[in-house]
Each structure stands twice: as C-alpha cells, then as structure tokens.
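The domain 'VIT' annotation in Swiss-Prot covers 29-158. Feature annotation from Swiss-Prot assigns domain 'VWFA' to 282-442. Feature annotation from Swiss-Prot assigns N-linked glycosylation site to ASN91, ASN580; the stated evidence is sequence analysis. Positions annotated as aspartate 1-(chondroitin 4-sulfate)-ester by Swiss-Prot, on the basis of similarity to another entry: ASP647. Look at Swiss-Prot and you will find 1-21 tagged as signal peptide.
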Amino acid sequence: MVTLWWPCLVLALLSGLETSGFPRSPLRLLGKRSLPEGVVDGIEIYSTKISCKVTSRFAHNVVTTRAVNRADKAKEVSFDVELPKTAFITNFTLTIDGVTYPGSVKEKEVAQKQYEKAVSQGKTAGLVKASGRKLEKFTVSVNVAAGSKVIFELTYEELLKRNKGKYEMYLKVQPKQLVRHFEIDAHIFEPQGISMLDADASFITNDLLGSALTKSFSGKKGHVSFKPSLDQQRSCPTCTDSLLNGDFTIVYDVNRESPGNVQIVNGYFVHFFAPQGLPVVPKNIAFVIDVSGSMSGRKIQQTREALLKILDDMKEEDYLNFILFSTGVTTWKDHLVKATPANLEEARAFVKNIRDRSMTNINDGLLRGIEMLNKAREDHLVPERSTSILVMLTDGDANTGESRPEKIQENVRNAIRGKFPLYNLGFGNNLNYNFLESLALENHGFARRIYEDSDASLQLQGFYEEVANPLLTNVELEYPENAILDLTRNSYPHFYDGSEIVVAGRLVDRNVDNFKADVKGHGALNDLTFTEEVDMKEMDAALKEQGYIFGDYIERLWAYLTIEQLLEKRKNARGDEKENITAEALELSLKYHFVTPLTSMVVTKPEDNEDQTAIADKPGEEAISASTAYLTSQQSSHSPYYYVDGDPHFIIQVPGKNDTICFNIDEKPGTVLSLIQDPVTGIAVTGQIIGEKGNNASSRTGKTYFGKLGIANAWMDFRIEVTTEKIILGNGDALSTFSWLDTVTVTQTGLSVTINRKKNMVVSFEDGISFVIVLHQVWKKHPVHQDFLGFYVVDSHRMSAQTHGLLGQFFQPFDFKVFDVRPGSDPMKPDATMVVKSHRLTVTRGSQKDYRKDASVGTKVVCWFVHNNGEGFIDGVHTDYIVPSLF
C-alpha cells in the first residue's frame, strides 16, 4: 500500500543541540539559579507551531520553532524537520535577535558556486537528506549567543494525492524536550465539501488526546488543532522528558456528487476526476518474480506471504500467471489462467514452493511475461473488455543473460509497445532504482521501493491493493480547442478505484463565460463519457470565500504538477529533448521558488562574526552514491579533514587554520590502535596494522599499513569489520558479509553503508557523521606489498567534545604556531619550530596523498610533519592508543 502523506503533517520536530564544551556537571548545577522547565543544556525551545493551510488538495505549510539560549555561553542549536519526499521546500528564514537571514532558491550550479565562494573556513554540508521511506530531513544549526533568541521558519508545499478513498495526513512528532507552546493548526478548504475528517495519535492515550485535540468540519471547511499542555507532554506525572514521540494522523475525503470537479482562479484551472460506483474492469496480471540467490531467507518468505494474500484478493473474473526468473525462466502455467477457486488453490501450492536459486536474468523474465500477456490478448484467452498489467519484483541488478540496462529497456519497450503498464517493485537497496524507475515510467507504470523490514509483505500487498480495482482504461481528459495552454498530463492508461486523476492548465482567455471538460474512458461494460460544465460567474462567487487560505493556490498547484511531471519525463529523455525539458522545469522552479532536483536553497547564517553559507538540495529516491555522500561535506577546499592512509600517515587539517599537520605511527603488524572514541555518540573506530609480505611481515622497520578497520556504535549495537577482502556488518547477533566486488547500499534507522565496487565504502550516521574507507589494491604477485585500507573522516561536526583517539582528539579546535622556518637535511623539505599544546617541536615541511577521489594516484596534501610518532602533538604517547582488539 502506498501511504499518501499530507505534507503539513509529515515532519519530525527534532529540536537538538550540540555544545562546544564538556557536559554540565551535576555538582555545578546545585549552585545555580533554577532554570525554566523545558530547558535542556541551557537551550529552551519555548514554541513550536505547525501551521497548515490546504486548499483543494494543495497544502501550504509553515513550521516555526522559537528558542532562547539561557546558558551563560554560546550554544549550537539545531532545527530538524522531516517533510515528504514529494514536497518542495519554498522558503526558510533564520532570525536571531530580530535580524532575519532569508534563504533564496537558485539554480543548483549557481548555488554551488556561491557556496564555494562564501565558505572560507569550517565545514558546512548539504541540509536535506533522505530519511526513511517517505521523508526527507531538513537540518540547519546555528551558534546562538548567551541570552539570545532564535526563530527557525521552514515553508514547503505539496499536492495531496488520494489513495484508497481518502487523503491521509501523517505527523511524526519528536520534539525531544518539553515545549511550553506546542501546536499543530490545520485548516482545510475543499470547494466540493468535506465528507469526513478524523485525527489520532499513537503516542498519547485517548483520555489525554481528547482534551488536547479538537477537530471539526462543516460544509467546505475543516479544522484540526492539537495543543498539548506541558503536563500532557510529560512521559509521566513527575517526568521532565516528553512523550510526544510517535505518529499523529489526520484523514479526510471530499463529497463527490459528480465524477469530476473543475475549479478556475486567476486564469488557471484544475480538474479533479474520481468517479464512483463503476463496475471493476477484469484484469490480466502477470507477476514476474526474482528468485535469484540474493532473495534467499526473509525476502523470499515475505514474497510468498504477500503473494498468498494477493491470491486471496483475486476476483474470479481476473486472469493471472507467475513467471519466476533466476539464471533462467520458469512459469507456473504456459498461459494466463482464470482465477477460479480451483486454479487459485493450485496457485497457492505453487507459491508455497517458490525457492531461491542462482543469478538474476531480468531481461528474459520480463520478456516472457510480456509475451504471455500479448498472446492471451491475441488468442482471445481473456475478455475483450479487460486490462493487462505486468508487475515485476526484484532485489538486484541483472547479472546474467542481457544485463545492459539500456538494452533491457529497448527490448521491453519494443515488446510492450504501449499496450499495458509495467510496475516495478525494487526490494531493498542493492539495486539500480533509477533503472527500474525509468523502465516503468516509459511503459506507463511506476516504480516502488519495498523496504527490507518486518512489514515488507504488507508493502507488497499494499501495492496490489492500489491496482486491484481498475474502473476505467484509456482515460482521456479533453478541453476546448484553442482555449487552454500549458496543459499537464491528460491521458492515463487506468483509473483505479479510490484514486484521483488531476489535470491543470492555463486559460487563453480569462474572460470566458463557460468552460467545458470531457472525460472519455473504457469501462467494464461500455465506453463512457463524463462532461463537466462550469459557469464562470458561479465559480467566482463560490470560490470567493477561499481567499482566507491563499488565493494563488491553483497557479501554484499547476506549477507543482507541471514540474513534477517534467522531472519524470526528463528521466527517459535524451539530447535536445532533455535539455529543453530541463530548461522548462528549471525556469518554473525558480519562478515559483521551489527546491527541486534542479535548484538549491541557499541559506546564509551568522557564525562567529563571519557569515557562512549552506545549501539545501533535493535528494532523489535512488541511494546516494559514494561520491555524493561524502563530497557534500567537502565542498569547500578549506573544510577541515582528518584521515589516515599509507604507511600509516595521519593527516590533520586543523579546524580554523589553513594548514595541515601530519605524523606517522610505527608499530609492529598485528597492533590495534584507537582512532576515534566518542562516549557520547557511542561511536568508536579502531585499526589493525599489517606489514609487508614474507620475511618483512613482522618487521617494525618495514612499511606498515592498516589492513583491518573496526567501526562500532555502542548505542545502536552495530559494528562493521572491514578488511581488504570483505566487509562484515554486525547488528546485534545478526551478521551480513559483503565483498569488495559488491556495489550495494545497506540502510537501517540512523545509518547508511554504501560499498562501491573495488573503490571505497561510505558509512553515514543520521547525526551527520560520515566516514569513507578507501581500498588500495596492488598487484597480487608483488613480492613485498599487499592490499591495504585508508580511513577518512569527512563529517565530524556532530561528534562530542569528549571524542578522543589518534584522530578524534583533533576534532575540536586547537591552536598552534609555526615559525623559524629554516633549511632542513633535505633541501626540498625545510624544517621549522612548532608550538602546540605547550610543546616546542621541530617539524619538517613535506607532503602526503589524499586518495578519496583516486585510490591509485591521489591528490597532494602539503603538511608539517611531526616526528617520533607524533610525540608532543598527540596527547600522551602513541602506545597509549594501543587496544587489545578491534571491538
């Protein structure tokens, strides 16, 4: 089932903060004045309001959070909001002590140039990241002086889409602390009239919800208000933490006295079409199921469960078959069969015996399914007034038979020839989702990701419920010739029960007296035509009262829908066509101030007397590639970085300084060193040293490298062991093993791990902490050298001030001075004197390599080299960092 998110409520309010010093001591607090309730580490979030205004399914949403720093020193305050992936951010403002810093939407390339020019020091990453199944997280943080107030305000818009007969509004509430004034205020205006409206919360009892929640609707207007008091927010009567942690949902629908409804405002029109009471068109459905080895275990079990449930819901008028593909292709029957009780019972027995096998031959599986549907129609095995549907489920990329994506697309396109839709279900993250989406879109279907979770079978069933009841086929929405411009998509292969078709456009003449819309389609029994006529004077009078919401809503709805459809069309366009589509979508995105995949929101924020600029981009559904995932944090050439690579060379680009310090650690192979240890986030990173081959392997004088790395998060009970051969992910007692030959992304709540075949892997924690491990491969027959690993910290700004380790101790700013530069023993490498941490050291100018972009060549990094295992620069001596094991 696809859940339809209502944008003004699809957000998580995650008010958090990072401090620049150590945590407060409880003993110190005893002597301080008492702080107002709801203050956490000196920061009080005293107001959060979500204001939502919905007019004719188009939602305009404003999230406002107000905070004050009641501490006696500056603090960092973070503002996090989760919003639907289908929503477009339209504005963000940051106000500190009455001074407002607005965001502006610019072309992505222009924004990137501004970003690189503006940031002169420190690290600033992209602000919007994918978060879970349907959400994106918008994050911005700012330093707030003692006693100062800050206001965050985010605005975004979205067209609500109807699913299974209703619009669902979903709110994930998680303020993380008591908020003196917390409010959700939603106003709905529907010219057709509201037929039902309800609201509920998973995190609060009905008794408490009843007094905090009010909901009402009458005629065209609906209202929902949720205002819990401080006491109602408490997790227990005497607790100071909040129970607001869960889902808040609102559902509603509108009256449908006629199949269609047309609204016209300021020269723009929108046509909603959702007929009811029609008989269901019989469907001919071919399920093409991946049974390759990667589907083993839980995936194949959940697939069987979902298919059995789908069989229970099949109607006797339907026809079906199952096509299984691995290295080859097998089918349940040679042709489609009717869903009689006897055939369904036989189908259940077949499904129960589905087993995983070997490789993934997507091409042959799809072509067999297409051939079966085509033949059923040609041989008159299915009713004349029926509709065909092809559904594919796969969890990976094609790796046998025809495996070139572009060739598979060509073969499928030529075989289907536009006669029926293809729906692609991508199971998990180890697949090319862009390919599945392009393949489906160009064949009049869509792609859907099925998340590897306990409810995967329910997700599969939910998809089937969407397409189970076609009421019309070949639907065409027609308007007066020469009377309209810039029409959105007006042709659809199916209309499914409980959904809604939406078409928008512009009128050539705003002063017309009448407007007519015709909808034609093939029904189960006959061809149908629905006509909607609009008297413009009556329309103007009827819509005057909606002005209190927002008057240009139809124009913005048209722009939103046009951009959305252009971006879909762009995915399969080539050459000049793609350039023209891109230019049109970009022009509209800029005109209407939408953050889309073609634009970025530029946010300038004050930081220590110097403004810094960050950009908010629109992430896509496809998993972020490694290059994107870690380069967003390195967009400025002056961003601080920390890494260890080579023999092993530790490289520290000092925060706030345009200079770099490096040192080596000489230890015998087998030694395990602590690189990062953060007791607050629970993150720890260790590395084990390897030596050269043969007799040199155990020598302390030969070259040494890191051959094994361990990354763990104690609070998540998660660990990763990385060697030059394999990667082992441990989640509690469960282990998953991958090789460096894989290209795969593994996600779970709070974490994403991406392996890029034979290159690198990216580990990203939700808090804004990212690492990259680079694989260095040498000639296997080399007599001395062997493969080794490099470790790079590319985003550490959310790690605590208590972080330590050979790398971690340098995440916080520190000062040093270099002077008395003089000739060294090597004429090309001058010596100098460095004063750091109260030590006076002799250092040497040299260079190392940064291998993130190219593991074979690398990029030169000039640094001051500290001798003797970093003595005087690192805390203590290097042997203090030796630990007994990786974990």
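Counting starts with 1 at the first residue shown.
Every residue, even glycine, has its Cβ placed from backbone N, Cα and C.
According to its DSSP assignment, ASN91 (N-linked glycosylation site) is in a strand. Separation of the C-alpha atoms of ASN580 (N-linked glycosylation site) and ASP647 (aspartate 1-(chondroitin 4-sulfate)-ester): 51 Å, rounded to the nearest whole number. If you take the C-beta of ASN91 (N-linked glycosylation site) and look for same-chain residues 6 or more apart in sequence within under 8 angstroms, you find PRO102, GLY103, GLU153, LEU154, THR155, HIS593.
The number of other CB atoms found within 10 A of the CB of ASN580 (N-linked glycosylation site), across every protein chain shown, is 13. Its Cβ taken as reference, the residue listed as 'aspartate 1-(chondroitin 4-sulfate)-ester' is surrounded by 14 other Cβ atoms within 10 Å in the chains shown. Mean pLDDT for the domain 'VWFA' (282-442) in the predicted structure: 92.
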